[in-house]
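Down below is the structure, laid out as structure tokens.
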Amino acid sequence: MPGKIKYSKSQAILEIPKFQQEDEGFYECIAGNLRGRNLAKGQLIFYAPPEWEQKIQNTYLSIYDSLFWECKASGNPNPSYTWLKNGQHLNTEERIQIENGTLIITMLNISDSGIYQCAAENKYQTIYANAELRVLASAPDFSKNPIKKISVVQVGGDISIECKPNAFPKASISWKRGTENLKQSKRVLLLEDGSLKICNVTRSDAGSYTCVATNQFGNGKSSGSLVVKERTIITVPPSKMDVTVGESIVLPCQVSHDPTMEVLFVWYFNGDIIDLKKGVAHFERIGGESVGDLMIRNIQLGHSGKYLCTVQTTLEHLSAVADIIVRGPPGPPEDVKVEHISSTTSQLSWRPGPDNNSPIQIFTIQTRTPFSVGWQVVATVPEILNGQTYNATVVGLSPWVEYEFRVVAGNNIGIGEPSKPSELLRTKASVPNVAPGNINGGGGSRSELVITWEAIPEELQNGEGFGYIIMFRPVGTTTWMKERVALVESSKFIYRNESIMPLSPFEVKVGVYNNEGEGSLSTVSIVYSGEDEPQLAPRGTSVQSFSASEMEVSWNAIAWNRNTGRVLGYEVLYWTDNSKESMIGKIRVSGNVTTKNITGLRANTIYFASVRAYNTAGTGPSSPPVNVTTKKSPPSQPPANIAWKLSNSKLCLNWEHVKTMENESEVLGYKILYRQNRQSKTHILETNNTSAELLVPFEEDYLIEIRTVSDGGDGSSSEEIRIPKMSSLSSMGVQILKPSTQFLSMVGFFYCFAIHPLSR
């Protein structure tokens with residue numbers, strides 16, 4: 001039974017919901033018990049009134065056309081069909097054919113217009129479908145569908161101009177270009193629907209086109225213009241580029257186009273539009289109206305991909321694509337792990353990061369400790385870690401130091417960012433293997449042996465419980481004395497013994513130890529015990545003044561021995577007799593120097609001086625003081641009224657003699673300083689007179705100044721005089737600077753002493 005059938009609880013009643021044609025047929029009901037069975041039969045028959053499956057529709061046809069109408073209806077039994085026109089039965093005639101639900105009328109005329117009905121009927125019902133037939137007859141009319149006023153096409157393109165006038169019957173179509181009839185050719189086609197198609201358009205095809213439509217009721221025409229534009233061409237498309245991160249590049253996109261056409265450039269990156277109006281970082285449009293170049297500044301790895309330049313006009317849409325590969329240093333390696341660590345080695349493993357379009361060629365391991373300045377490269381096994389090496393052993397580590405490691409990758413582009421640091425781990429302890437250096441000492445008090453050394457830094461102590469082992473013995477003996485210094489920061493040890501003679505030589509060596517054991521010892525150094533101060537004062541002390549600010553102290557060297565105390569040098573003391581001056585000048589000289597020049601003194605002042613010897617224990621007795629008076633101050637007035645005369649390559653100078661004050665040194669002579677400019681070398685001429693002649697070629701300007709010379713030193717200089725080169729002088733003659741009435745009387749009487757420039 002069909003699935004939709006329902007039964008009563010006793011199954012004595014059968015229910016068929018929504019009875020359909022497929023449910024009709026013979027049904028049997030069988031009843032039975034222990035005594036036997038019986039059955040009853042019945043037939044279900046399906047019937048249905050007509051229902052439309054296809055109706056006729058209002059139709060408008062041209063005179064002389066043919067009409068074809070068809071109507072269909074369903075029903076049981078199947079319906080029959082009749083046709084009516086304006087309420088009257090329609091019968092088959094010469095032009096009218098009726099067959100079941102179809103109606104055909106050929107060669108329509110105006111009288112065929114009217115309201116038609118299709119009737120579908122069976123014994124249960126009759127249904128009707130109505131439609132109007134309108135037969136039209138008119139001359140061609142373009143009022144509702146004129147030719148397009150302006151049609152635009154590009155050179156080399158195809159264009160179709162539609163011509164669809166309202167005409168009943170259908171009009172015959174012809175075309176004119178200007179006033180001439182248009183003939184069909186390989187490029188010019190008159191299509192069946194009346195349209196005009198022009199293929200491979202040229203500039204000469206531009207102009208006015210008229211469509212002429214004709215039927216027996218009349219004719220009509222409509223005109224439009226064809227405008228031909230130059231084709232848009234991408235002349236410089238973007239091309240594939242391979243660039244390095246950080247560079248700035250330009251992707252070209254340049255076109256040639258019709259000057260009357262507006263061009264719009266749009267760029268896409270990996271399918272997404274680049275909105276340049278929002279000032280997107282890195283991207284900038286450059287160029288003019290016909291140039292759509294895209295500049296990418298400071299290009300980054302994320303800029304790798306496809307770049308599409310689209311060129312849009314009202315007539316076409318062009319595009320060009322290019323792939324950009326951005327290569328950069330590798331990304332940071334990942335997952336750096338320390339898998340084993342000993343006192344001097346560590347095993348590391350890692351995973352490479354992204355290669356950023358350039359294969360990784362090398363890895364470098366760096367380490368950092370609390371004692372290092374930043375990260376340092378470390379030695380590894382294997383020594384060279386190529387791009388396919390992902391584990392290595394770090395060697396040369398210091399015991400008992402906390403280390404953290406990181407890995408850096410490199411390729412052809414450069415060195416990438418380092419990985420994250422590994423966890424902080426301490427190497428295992430071991431016996432110290434670095435001995436102290438710079439073993440020295442000496443000095444101190446009598447009966448003391450002072451030993452010094454450079455402390456071992458914490459990173460080289462190799463473990464806890466670090467200290468120093470001091471070993472020493474008098475030179476010539478065989479037994480070493482041994483002491484331990486437990487303080488890690490120690491760098492000095494003092495041994496005291498009253499039996500030690502002054503300046504006794506000792507052999508000394510210093511070692512190291514920690515909880516793991518004793519380590520290396522330094523090489524043997526000779527260190528002397530403490531000494532006494534010098535016992536003798538220098539003899540023959542004298543002093544003399546060289547200028548207003550300078551004096552020289554001299555003395556005789558001391559012949560010393562172990563009993564009188566060693567002399568390492570001398571100390572010069574000097575002072576004035578002014579009781580207000582509590583400061584005493586003090587200068588040391590080392591070795592056998594027996595003279596000392598003292599500067600920065602006051603002029604015309606009595607200075608006292610004394611000398612004493614010194615060594616590591618201190619200073620000895622001073623020599624008896626000696627004194628000297630410094631020279632008077634040099635002249636304070638510079639040479640004045642300087643006159644000069646230039647003749648050929650000779651320059652004659654003349655000036656006034658400088659008179660000094662009572663507290664100033666007498667003028668002994670003059671110095672002439674000349675040079676070409678302030679940066680060039682200065683030459684000096686000395687003379688005892690107030691005139692001089694310079695034999696120098698004056699091919700350039702010269703700067704000249706004159707100063708006084710006295711026992712007290714050089715005096716003040718005159719103002720700088722610029723002597724122009726000969727070619728710039730309009731006339732030769734005497735030039736006088738700062739003339740006085742007295743000096744003007746001397747002009748013309750020059751007494752020039754010829755002094756060669758190299759003489760003094």
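Note: Cβ is positioned from N, Cα and C throughout, glycine not excepted.
TrEMBL: automatically predicted annotations, no manual curation.
For 50-134, 140-227, 231-319, the entry in TrEMBL reads domain 'Ig-like'. Here TrEMBL flags 332-430, 435-532, 537-633, 634-728 as domain 'Fibronectin type-III'. Look at TrEMBL and you will find 619-640 tagged as region 'Disordered'. According to TrEMBL, the feature compositional bias 'Polar residues' maps to 619-634.
For the domain 'Fibronectin type-III' (537-633), residue counts in helix, strand and coil come to 0 helix, 55 strand, 42 coil, using DSSP. Confidence in the domain 'Fibronectin type-III' (634-728), given as mean pLDDT, stands at 82.
DSSP places the residues of the domain 'Fibronectin type-III' (332-430) in helix, strand and coil in these numbers: 0 helix, 43 strand, 56 coil. Residue counts for the domain 'Ig-like' (231-319) by DSSP state, with H, G and I taken as helix and E and B as strand, are 6 helix, 40 strand, 43 coil. In the domain 'Fibronectin type-III' (634-728), helix, strand and coil residues by DSSP number 3 helix, 47 strand, 45 coil.
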